[in-house]
Amino acid sequence: MPSQVTHELLLICTCLCSCLSLRSTPHQLCRVQSQGCKASICILISQNSNRIVTVVEIYIFAKQAQPRILTCTYIHFFHRQEIMKWNGWGYSDSKFLYNKKGQAEFTGKRYRLSGMIIPGLREWMESTFSANLQHKTPAAPILNSSAVQPPTLNEAFLKELKSTGIPFSHDAEDRVFRSHGHCLHEIFALREGKIGRVPDLVVWPNCHNDVVKIVELACKHNVCLIPYGGGTSVSSALECPPEETRSIVSLDTSQMNRILWIDEKNLTAHVEAGIVGQDLERLLNESGYCTGHEPDSMEFSSLGGWVATRASGMKKNIYGNIEDLVVHIKMVTPRGVIEKSCQGPRMSTGPDVHHFIMGSEGTLGVVTEVTMKIRPMPEYQKYGSVVFPNFEMGVACLREVARQRCAPASIRLMDNEQFKFGHALKPQVSSIFTSFLDGLKKFYITKFKGFDPNRLCVATLLFEGDREKVLQHEKQVYDIAAKFGGLAAGEDNGQRGYMLTFVIAYLRDLGMDYYVIGESFETSMPWDRVLDICRNVKARIVRECKDKGVQFPPLSTCRVTQTYDAGACVYFYFAFNYRGLILFCSREEILANGGSLSHHHGVGKLRKEWMRESISSVGMGMLKSVKDYVDPNNIFGNRNLL
Amino acid sequence: FQPVTPVVLLIFNPMLKKRDDFEDMLEERRNSSDLRYALKCYTPVLYKGLTPCKVSELKQMVLQSDQLGYVITQVSKEKGVTSDEVTGEAAAILEEMAQRLQLSTVRFFAFTLSKVFKTLFRSICINEEGLQRLQQAIHNHPVVLLPSHRSYMDFLLMSYILYTYDLALPVIAAGMDFMGMKVVGEMLRMSGAFFIRRSFGGDKLYWAVFSEYVKIMLKNGYAPVEFFLEGTRSRTAKSLTPKLGLLNIVMDPFLKGEVFDISLVPVSISYERTLEEALYARELLGVPKPKESTSGLFKARKILSEDYGSIHVYFGQPVSVRSLAESRVNRSQFNLIPRHIPTRPSEEILSFVNDSAYRLVRAQEENMVLKPWVLLAFVLLQKQAAEEKQGTALDELTEQAVWLRDLSRQYGAFLHWPDHIPPSEVVSSSLSLHRGLVRISEGRVQLALEQGLLYPGFVILSCASYRNQALNVFIRPALLASAIHTAASNRKQEIYNSFSFLRNMFSNEFILCPGATVQDFEEACYLLVKTGTLQINQQEVLITERGHRTLAFLTSVLDPFLQGYQVVCRFLCEQDGLTEKQFIPAVRKFIIKHLLTGRLRYTEVLSSDLQKNALAALIRLGAVQKIKGNNYCFNVFPSEARNRGL
């Protein structure tokens with residue numbers, strides 16, 4: 001087809017798109033095909049950093065002067081699996097593997113560690129888990145569509161949905177991709193090619209009004225809706241209840257990813273809830289702002305998901321957790337839309353209805369738009385790290401920092417096992433000088449200062465703000481650390497510590513290739529119980545592994561990740577050379593020792609059975625009655641929480 | 001009642017009990033230098049989480065603890081004195097209490113005790129596998145040692161054994177009465193004893209110092225903590241109902257999540273002849289106990305010339321507090337109050353600690369080694385009560401002892417009967433070891449009862465104390481046998497009711513865990529059916545042909561106690577009320593009268609232990625009321641006591 005036609009078509013399509021109420025303009029023509037007098041064109045409508053691509057396919061009569069639309073279908077390149085793994089964490093191009101020489105390597109270009117050789121990892125893995133590179137358990141490479149149950153479709157719903165023009169799909173891959181989060185058992189099943197109940201249909205609303213329409217239709221036709229944001233849940237929240245007999249529709253918010261406005265006077269931004277963390281941050285940065293909300297999953301998790309699970313960000317000490325950041329929420333429920341009538345910074349209007357929404361885990365409705373606080377981007381950032389002779393001293397230091405309320409943007413304390421793990425992840429050093437310097441540091445700490453390499457632990461720090469204040473703040477924190485035997489251990493160690501946060505999730509996939517499975521979980525607790533819980537939970541993991549007949553002792557490690565006035569958040573990791581049901585016991589141990597059910601991961605279905613114990617029967621009744629009022633027919637039927 | 005499932009019944013099967021073998025630790029002492037032994041290199045395995053600290057640092061930790069700090073503030077407010085003064089008071093209490101474990105003192109004891117033990121005892125037998133388990137336990141978790149308590153010897157012996165086998169030396173909770181012995185008290189302190197007052201009911205500060213001191217030593221894994229569950233030495237050789245205070249304290253760090261787990265290790269120490277044999281009998285008969293004093297100890301030297309047979313020490317399977325508490329205790333109940341604020345334990349915790357204590361005492365009982373003499377004591381006492389004046393022929397005695405041997409083995413007794421020696425020799429060597437208690441003439445054996453009443457009392461109570469060692473083996477079947485005897489019909493339900501009544505009545509006397517009536521009944525039924533004494537169908541309980549002898553024996557086991565309780569009841573019925581102090585002398589006088597007139601056959605009823613237990617039971621059952629006033633009066637409800645079938 002001649003190029004001017006193409007140009008013409010593009011113009012036509014622009015018009016069409018506005019007719020279709022797509023707010024973004026098409027910016028790329030992907031494919032044009034002609035068959036006789038019919039032609040079909042594909043237009044790329046939008047693309048976010050995860051390349052979740054929206055394409056519209058339009059069939060037209062091209063030979064007429066006024067092209068007439070025959071059909072208009074969205075082709076959904078929402079196949080995240082093209083850039084993201086369908087049975088593992090993160091981007092397809094980024095993964096750990098052992099190269100031909102048997103050295104560990106991290107592929108891709110996205111991270112600081114990407115493309116590097118990690119010489120220590122193999123030895124660490126072999127010694128920690130007694131894993132053997134000879135024994136591999138590769139994952140099922142591609143999804144076997146025939147293993148997926150055919151969709152149970154609600155024809156009446158489908159018919160009306162089609163008339164709204166909201167894109168949807170019942171393709172097996174699309175459905176499977178939205179049927180899970182990232183719990184160990186979920187990923188494990190996928191690797192083995194086992195697929196349980198999956199959504200029957202996926203819909204991609206483009207804006208708040210689309211959601212209103214979908215929810216109305218779902219109520220009308222009694223269809224179960226499960227909202228889907230970034231898919232990073234670790235609480236089985238996205239699992240389809242196997243007992244659900246109605247058609248299950250996964251409502252993917254990924255297309256609602258625009259910043260609708262920025263209010264620089266009040267420092268707020270009004271954002272659609274489907275936006276992914278890194279996009280939100282990047283787009284705000286372009287205007288010189290940030291939200292400062294950086295959960296470890298921010299590359300993939302969405303704003304709506306944060307609100308629905310009461311998320312917590314790494315830099316909450318400066319910017320606050322999600323409940324502190326949110327000014328206004330719009331949510332579509334089966335009863336209608338809920339939102340407050342003003343955006344006052346604080347109100348005394350009875351119990352705050354936002355708190356019914358935050359943590360509702362998709363049981364009450366879909367969050368569509370959120371007004372969030374924003375801040376000017378920090379002038380200066382500095383990483384740091386401190387080595388402590390032992391974990392007890394480290395915790396005491398963090399407590400003191402919290403007491404003096406001088407916590408930097410982030411302060412985290414890794415235990416000895418995690419310190420060693422971080423050490424194993426050091427990339428190959430390029431110069432002899434650096435390796436000499438490392439040796440010297442090690443000598444200074446272990447020999448000169450007398451730290452026991454099997455007991456010492458490291459705190460990583462991140463300071464933010466204007467330069468002068470950062471430096472002043474840094475000195476204050478290091479002075480406190482010194483009182484607890486802490487030695488400053490450099491910016492580089494600190495930065496690597498934070499990088500690890502993003503990379504550690506990829507490592508689980510490598511472990512699973514070699515019969516090593518792992519899981520993480522978090523809790524929060526009062527200060528006086530931090531040491532006891534860390535010790536007891538780690539001991540419980542080791543004991544349960546032993547009792548369950550796990551041959552080799554597991555890696556059982558923890559990290560204090562947040563400090564509060566009255567307590568702290570602790571993150572546990574465990575991994576071992578095959579398998580058992582350790583998670584249940586660990587949570588039991590946490591609760592028995594005065595820890596919380598969850599600090600920020602949420603309850604989902606994974607931790608449901610402890611809810612009553614956690615919030616009392618009356619509390620359960622309150623939540624239940626809200627659910628009964630808002631969603632009497634259980635349209636939002638993911639059965640999380642209650 | 002609800003029958004227990006067969007799976008649970010398996011636990012009762014005595015044949016399934018596996019026990020370790022014994023090694024004599026004195027053998028090596030007899031063959032090598034005691035001095036070299038006392039000076040040997042001592043490097044025990046310690047708790048893996050231990051941060052070593054000195055005795056003085058330990059005291060500092062206690063005084064600076066949040067727990068004590070809280071109570072000090074509270075007390076200073078209540079009494080209106082400065083907190084410094086209260087802290088000083090606390091420091092003084094701690095000073096009085098604290099141990100000062102010193103290896104040199106331990107070595108001194110190791111040397112002298114070697115000498116003493118070798119003269120007193122033929123052998124000291126230990127299950128070495130138990131010690132290996134203990135070593136493992138000490139490495140993994142804080143450990144609490146719970147030995148049975150029959151003699152002053154017990155805790156010296158414990159430390160002696162642990163030193164010999166290179167295990168961590170314990171710190172031992174001891175009664176303040178030892179402090180009376182100036183030099184010895186201090187020496188005991190230096191070998192790890194810490195001293196607690198016998199009663200400090202309302203003293204908040206004392207309790208806080210004491211519990212914090214114990215907890216800190218335990219939590220830090222400073223040393224195994226040793227105390228006696230029974231609280232005091234059992235004068236009758238029956239296990240005493242456990243005291244819960246210290247057990248409560250040592251379980252607390254686990255319940256509050258301050259340690260991952262705690263191992264409780266029951267230790268059973270059985271003496272072939274107790275050193276205090278005569279003392280105990282005298283005490284039970286109302287001749288007051290001499291105050292512990294150093295000079296008294298030297299006077300006791302004459303016992304050095306006698307033969308006390310052998311000692312068996314059995315280190316039981318460590319019991320994990322965590323597994324005891326699993327699905328029993330909801331530990332999250334401690335989440336809402338800061339842990340340094342002392343709180344009264346909830347009903348749930350109290351009943352948990354109580355049940356655990358009973359379980360542990362039973363674990364001690366089960367591993368007590370029984371000597372043939374214990375069985376002979378049964379026979380001789382029964383013969384004596386049957387008033388067979390000429391005594392028993394040796395052959396008959398042997399026959400009965402062998403019969404009893406087989407029966408007790410079937411019931412799971414840990415009997416040390418040398419099977420390779422002919423039974424008659426076993427019997428005669430047992431008799432010769434206890435020659436003070438028996439008289440043999442013309443091939444007939446009887447208890448060495450001379451004229452008068454008190455002296456036979458000594459002999460019979462001493463003898464009873466040996467018999468009592470095996471009572472725990474027979475108690476449940478005996479209760480069932482008596483229940484069958486007293487029940488109006490052979491309907492199972494009726495027998496159960498009668499069993500339940502008797503069990504309830506005697507729960508101050510024997511180790512019968514409250515609330516476990518059904519289990520005990522099932523256990524007794526299981527044993528008697530298995531040994532062919534009874535046949536039990538859905539409704540009825542039938543005695544088999546060969547079951548009569550067993551039943552007669554079992555009924556006679558309980559008979560002295562039944563009769564004793566009856567006499568106490570009869571006595572109380574004749575009173576209009578009396579004070580607590582008057583009770584024992586008055587009831588004793590009453591019993592002597594009955595014994596002399598021949599209305600009462602069992603001289604052992606003279607035991608003040610039985611009398612006190614009977615009274616406590618009657619108070620518990622509401623037949624007797626304790627009125628608090630100027631003088632403690634017992635208000636008796638005679639009709640009630642009679643109605644209850646006594």
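Placed from the backbone N, Cα and C atoms, the Cβ positions cover glycine too.
As recorded in TrEMBL:
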- A:1-21: signal peptide (SIGNAL)
- A:195-377: domain 'FAD-binding PCMH-type' (DOMAIN)
- A:227-233, A:309-312, A:361-367: FAD binding site (BINDING)
- A:R412: site 'Important for enzyme activity' (SITE)
- A:R508: substrate binding site (BINDING)
- A:Y571: active site, proton donor/acceptor (ACT_SITE)
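When averaged over the domain 'FAD-binding PCMH-type' (A:195-377), pLDDT in the model lands at 93. Across the structure, A:A311 (FAD binding site) and the residue listed as 'active site, proton donor/acceptor' place their CA atoms 14 angstrom apart. The secondary structure of A:G230 (FAD binding site), as reduced to three states from DSSP, is coil rather than helix or strand. Annotated pair A:G230 (FAD binding site) and A:R508 (substrate binding site), C-alpha to C-alpha distance, rounded: 19 Å. For the pair formed by the residue listed as 'active site, proton donor/acceptor' and A:R412 (site 'Important for enzyme activity'), distance between Cα atoms is given as 10 Å, rounded to the nearest Å. When secondary structure is read from DSSP and collapsed to three states, A:R412 (site 'Important for enzyme activity') falls in the strand class. Under 8 Å, Cβ to Cβ, and six or more positions away along its own chain, A:P227 (FAD binding site) finds A:L251, A:T253, A:G304, A:A308, A:G362, A:V366, A:V367, A:F636, A:N638.
Of all the recorded positions in the list A:S233, A:G365, A:R412, the shortest Cα-Cα distance to A:R508 (substrate binding site) is found for A:S233. A:G362 (FAD binding site): 28 other CB atoms within 10 A of its CB, across all protein chains. Within 10 Å of the Cβ of A:A311 (FAD binding site) there are 25 other Cβ atoms, across all protein chains.
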